[in-house]
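One structure is given here, and the rest of the page talks about it.
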Amino acid sequence: KLHSDLDKGVGTVKYTLSGDGAGTVFTIDETTGDIHAIRSLDREEKPFYTLRAQAVDVDTKKPLEPESEFIIKVQDINDNEPKFLDGPYVASVPEMSPVGAYVLQVKATDADDPTYGNSARVVYSILQGQPYFSIDPKTGVIRTALPNMDREVKEQYQVLIQAKDMGGQLGGLAGTTTVNITLTDVNDNPPRFPKSIFHLKVPETSHVGSAIGRIRAVDPDFGKNAEIEYNIVPGDGGNLFDITTDEYTQEGVIKLKKPLDFETKKAYTFKVEASNLHLDHRFHSVGPFKDTATVKINVLDMDEPPVFSKPMYTMEVYEDTPVGTIIGAVTAQDLDAGSSSVRYFIDWKNDVDSYFTIDATEGTIATNELLDRESTAQYNFSIIASKVSNPLLTSKVNVIINVLDVNEFPPEISVPYETSVCENAKPGQVIQTITAADKDLSPAGQRFSFKLSSEASNKPNFTVHDYRNNTAGIETRRNGYSRRQQELYFLPVVIEDSSYPVQSSTNTLTIRVCRCDSDGTIQSCNVEAIFLPVGLSTGALIAILLCIVILLVIVVLYVALRRQKKKDTLMTSKEDIRDNVIHYDDEGGGEEDTQAFDIGALRNPKVIEDNKIRRDIKPDTLRFPRHRPPAEDNTDIRDFINHRLQENDVDPSAPPYDSLATYAYEGNGSVAESLSSIDSLTTEADQDYDYLSDWGPRFKILADMFGEEESYNPDKVT
């Protein structure tokens, strides 16, 4: 209620209200100032409202007093029950937990004002789930209330929890929730076989490694606590069997380790032990976590194929054995109660199997062709045995036949040897070690012997030393060998084997004589090297060659000086008519010879023109010089020579002596070759110049001149 001191109760004052909820939640009587709530209030929705009130004059509408503010507070009542905001709950606790083991804590929330009265004071209690669990009234912690709760007895529990306000007093509001509690497994139970004896029936034809039966031990635990390991107890009749665990079903799978035979043993008995893999030490006092059962296996008789007496047969036969010779036999029999007859045949796979045959009834193996060890040393094939009563039941065995060697090949030198001996070899020196090889299959202990052939044993050159270990050494028997006398030696060596019959062969070794140094190192084995000096060093050989070259130079110089001296002797006499022949210092080998005379005389015609008198003859009478047209400096040499040649040809008084004009085309390259006697192979005494008289008047002066020279020669004997 609002009231102003200025209000005299005559209706001149008007009250107004503004603020939170004014007009919607609260209203005011304008005349009396009474405030009323026009709808229900909820503290949990809005706990207080802030309002403003003012008194105004009715007539003037002016405020009579300043505006005042006041708060309306909503007083709480217990109108909200406790609520479990996280419910329903799920929890777990291990089985066999002790009393008071913590399970879960629950919490309820009350929307009422916790500061006013007991409206928000909550107390917890269990409505369903006793006597297994308990809850703390204040904290809401749930714990186990009974010891040794067994998961195998009951695994799931549903607990109903209540939360009540007003401290749990009468009239308080309450809320509930459920808690689903699961007992988790622990390994508190050992595996147990449901029965003490298991009976299994197994056919005798079961394959090794195949599963022949299953047994199972029961473990009420769960997960890894229920994992079981099976073992066959040692010392029983279970050495033919093995057992493993199926990880999905936890069954024991019995497998066959060795083949079964009904005719040998018809039943087996052994024990199997089942135990847990993961043990819990808290329950060791309960007892051993394993169990044992007996397994009896009865072997069932089956119709089986024949059985060979051996897993494999090995036989031997000599090569070249006659066809049809029996070399061995195989044996198979039917071990079943009916004992059927057996038939044998070769498992044909290739042409090699055709070398042998087998008797279908007896199983004897014989040769079908001649055998050659050098071609095939071993044969490997299969024999099949089948029952007459049931041909589909067959068994197979491998047969290996080794072909034994007959000594038919002589031993030979294993490799070709290149043997050499030094010229300075000493007696007893080993120059080669040889080995032998035999195409025959050498049995253990076979030895080869080496010796010289009978015709070579008497020669004093080489000998053979048998080392008696299938090797031999070639030794020298004399002091030194000469390549000049004999370069190659051929040594026949006889090699024998120790088999029967004894085989031998003669092998020829070629021994080459070589030049070696003092240490025995071979320097040369070439044929050309035979004629080289023996024992000379390289420096000595070079010195000898230099001496030979110097001697050759001396001889050449001597011959040249002799020839020069002879030429000077012929030129000493000016009065001798032969002086005209000797003065050939400008003559040479013709147009091809540019070194025997000065070619400058031909290239400079003025030199020729200045020499008006010929130098090559001695004129009898004075003649006027013939007019010769001057030659130009650049006149061709050939034209110049041709001009002089024509001039002499038309001149009847010109002697046919040798001159520069007539020697233009004379020499080794011309048809007439050289007319000079300087290089003649014969001496002047051997020359006969009488034939010059037969050549006519043009050669008369030449014939007289050489005739005078021949008569003048004092060395000639007439």
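Cβ coordinates come from backbone N, Cα and C, glycine included.
Note that TrEMBL annotation is computational and uncurated.
As annotated by TrEMBL, domain 'Cadherin' applies to 4-84 (among others).
Among the features that TrEMBL reports, domain 'Cadherin' is placed at 85-193 (among others).
Residues or ranges marked as domain 'Cadherin' by TrEMBL: 194-308 (among others).
The domain 'Cadherin' feature in TrEMBL is assigned to 309-413 (among others). Using DSSP to sort the residues of the domain 'Cadherin' (309-413) gives these counts of helix, strand and coil: 5 helix, 48 strand, 52 coil.
Taken as a whole, the domain 'Cadherin' (413-531) shows an average pLDDT of 85 in this prediction. According to TrEMBL, the feature domain 'Cadherin' maps to 413-531 (among others).
Per TrEMBL, transmembrane segment is recorded for 530-561.
Residue counts for the domain 'Cadherin' (194-308) under DSSP (helix as H, G, I; strand as E, B; rest coil) come to 10 helix, 53 strand, 52 coil. The residues of the domain 'Cadherin' (85-193), classed with DSSP into helix (H, G, I), strand (E, B) and coil, number 3 helix, 45 strand, 61 coil.
Under DSSP, residues within the domain 'Cadherin' (4-84) fall into helix, strand and coil as 0 helix, 32 strand, 49 coil.
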